Amino acid sequence: MRPLTAHIDLDALRHNYRQARRYAPDARAMAVLKANAYGHGSLACAHALADRASAMAVACLEEGQALRNSGIQCPIVLLEGFFELGELDTVITDGYWSVLHTRWQVEALLDRLERWPQHRVTVLVKCDSGMHRLGFAPEEVGEICRLLRSHPGVEQTLLMTHFATADTPDSPLLTSQLDTITTLQRQLDLPGCFANSPATLSVPASRHDWVRPGVMLYGVNPLEPDHALHGEIDQALKPVMTLESRIIAVRELAAGEPIGYGARHVTRHPTRVGVVACGYGDGYDRHAREGTPILVDGQRAAIAGRVSMDMLTVDITGIPDADIGSRVTLWGRDVSGAVLNVSEVAQWCDTIAYTLLTGILPRVPRQYHQVGAPDALSDDPLPDAGATGTPS
Ligand SMILES: Cc1ncc(COP(=O)(O)O)c(C=O)c1O
C-alpha cells in the first residue's frame, strides 16, 4: 500500500473539546464539524464527541443528515441555514436548528411551519455585528426576533453573530462587534451564541450561553503569535491529525544539480534527497516554499524543490540514517513525540492551517485512533452532553 496516511487522534479531539469547556465553563459548546470536520472525517469525529457535545454545527443540511443518519442525536445546527425551499420540510420535521440570516428564510420558515402544527423549531437569528458576511443589520434584529418568538411553531430563538478578528489582540473591530451584540442581547433577552475558537479561548465577554469552537477542536492554536495567550493555548491543545508517509527513494546529488519540476532547487553542495510519497494530488499544498519544515524519523528537515502531484522531495543530508522506508511526518505528532505544527507548515505555504487540514483529499486514508474508550472517560465532570438549551 502507498504509505501516506492521515492519523486522527480522537482522544486529542475529546481533550480539545474539554479545553473549550474549560475556557468557557458557563457556556454550552457546539462542536463545529463542517467540511468533513475540517478534513478529519465528520462521522468519526461526531461519534467521538457524542457523549459530551451539547450540539454539533455543520454548513448545510447534507452534512447534517450524514451525522443524523449515522446515529448522532444531539441538536445539529445548520450554520448557513437552508438554501432552498425544498429543504424546509426536513429541517422542520427532523428538528435541525437553522441559522436565519435573510428575510426570505424567515418568511419561508414561518410559512412552512403552518404545514406542521405538531412540530416546533429552534432557530438562531444571525446578526451582522460588523463582519459584513451573513446576517441581519443590528437594527433589523429586534423585529425579526419578535416575529419568530410570537409564532407558536418556534420553540427557541438564539441570537448569533460571528467575529472577524477575534484572533487578533486589541482589535477595535472585535470591541465594536462585541458592543453591538451584547447591547442587542441585553435588549432582547435571548440566549447568545457568538464565540468561535479564538473568542472562546481569549474573550470572556463573548462566551454567553453557547460557544462555537471549530479549529481549536482539531488542535490548532487559533490566536495570532503575538497574542498574550498564544503560548498558553499551544500547551492546552493537542494536534488531532498527523499526516504521515515514508521515503520511497533516495538520490545522492553532486553540487549544482537541479531537483524536481522547474528545477526550482539547485543543490549548492553534495546533497542527499529523500523522495516522499505525498503531493498536491493528496492535498499537500503546492505553494510550499523551499525550506518548508518536515520531520524525517522525528528530526526536522526541509523541502527542497517543488511539490509534485504524488511526491515531494526533502533534503536529508543532515540525517545520515534516513533511508528508503524512513518515516516522514508532514505535520502533527511523530511517534517519537516530536511535533510539527500544521500552522507552521501553513506559514511556509502562505496560507492558514484551516486550508491545509480541509484540503487533504479523500485519496488519503484516514486511520482513527482512540485509546480512551468513551466508557473509560464517562466520569468526565462536564455536565451537559445532549442539553438542548433554555426555551426563550
Ligand atoms: C459561523 C461559524 N461559526 C463558527 C465557526 C468556527 O470557527 P473556528 O474554526 O475559527 O473556531 C465558523 C468557521 O468558519 C463559522 O463559519
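Don't overthink the numbers, they just go from 1 along the chain as shown.
For all residues, glycine too, the Cβ spot is worked out from N, Cα and C.
Keep in mind that this is a model prediction, so the values were computed, not measured.
Database features (TrEMBL):
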- Lys34: N6-(pyridoxal phosphate)lysine (MOD_RES)
- Lys34: active site, proton acceptor (ACT_SITE)
- Arg133, Met309: substrate binding site (BINDING)
- Tyr261: active site, proton acceptor (ACT_SITE)
- 372-392: region 'Disordered' (REGION)
- 383-392: compositional bias 'Low complexity' (COMPBIAS)
Inset, instruction - Between the Cα atoms of Lys34 (N6-(pyridoxal phosphate)lysine) and Tyr261 (active site, proton acceptor), find the distance and write it as a whole number of Å. - result: 35
Legend entry - Inter-residue Cα distance where the pair is Met309 (substrate binding site) and Tyr261 (active site, proton acceptor), in Å: 11
Inset, instruction - Could you check what DSSP calls Lys34 (N6-(pyridoxal phosphate)lysine) once collapsed to helix, strand or coil? - result: helix
Legend entry - Tertiary neighbours of Arg133 (substrate binding site) (same chain, Cβ under 8 Å, six or more apart): His162
Legend entry - Entry from the recorded positions list Lys34, Tyr261, Met309 having the most other CB atoms no farther than 10 A: Lys34
